[in-house]
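Undergrad: Structure incoming, see below.
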Amino acid sequence: MAHGKGNSNEKIVFVGDSRIRKPHPDKPAPPDYTAFPGKSEAFIPNFLLKEWMAGVVVLVGFLTLTIAEPAPLGYPANPLNGAFIPMPDWYFLFIYQLLKYPYTSEHYIVLGTIGIPAIMFGALFLAPFLDTGKERRFYRRPIASALMFVTLIASVYLTWVSWHHYTKELEASGTIPEHIEREMKSEEQIAEGKGRFIYGKEKVPALVAPEDEAFSVTMKAQCIACHGTELQGQVGPMLAGIGDTLNHDQIKEIVTNGKDGMPAFKGTLSDEEIDKVATWLAKQKAATE
């Protein structure tokens, strides 16, 4: 290659080297799918790319829905809470309800826990091999479409029945649903400029005078079953810091006669014990910084 301004007449020679094999004339490149009117396009990448783009739109929409309207989670499991009602996540409610029926429980528990799920997931796995038709319109594939709609309707119905039964159990026990209580506490904290309420991350005031005799009385009355071992709240409200909102007389009235699903302790505890508990709880105030 020439260098410098004085060598303008110098000859430049380009050398090329190609290691790409020339297509054999007997094996021409396959024609584009547009050369066959009425035929389907290539699955990879044409059709598959469209499927992926549609899936992305659905996924983004679903994620937006979960952010805008969070699903009810239920209260955290606690072995010390005798009133706790166990409940699976919402996407397992249909199988949870299915296991309540006679033909999928007790003597048929293996059928309900292993047999039916194995058939469902096995059919889903074998569907592409069992239905090899080229028709895409769902109304021209009656068997596959019927199975899809029956499964969808059954899942929605079982989920609704299970959740309806759960809400009835909460009403019978006087328990506020977790998602409603979480929303109420979030509104209170947002109004105070503290952000949304999240279970397990709330700041619990320290107990005042935990060595007081009244604390032993609360243990005797099984108050910890609803209010927690450190009065941090579980099914019942948090009592740590209750002295900031209620005075001695108000607390004594609630302990004596009960309120909002809380039982009355008038016959369980003596008047002296109730007075001790009310006095001790009135001292439970959040430490001021």
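Note that Cβ sites are derived from N, Cα and C of the backbone, with glycine treated the same way.
The annotation domain 'Cytochrome b/b6 C-terminal region profile' is assigned in TrEMBL to 33-161. Feature annotation from TrEMBL assigns transmembrane segment to 47-68, 108-130, 142-163. What TrEMBL lists as domain 'Cytochrome c' is 188-285.
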Undergrad: Tally of helix, strand and coil residues over the domain 'Cytochrome b/b6 C-terminal region profile' (33-161) according to DSSP?
TA: 89 helix, 0 strand, 40 coil
Undergrad: Average the per-residue pLDDT over the domain 'Cytochrome c' (188-285) and send me the rounded value.
TA: 74
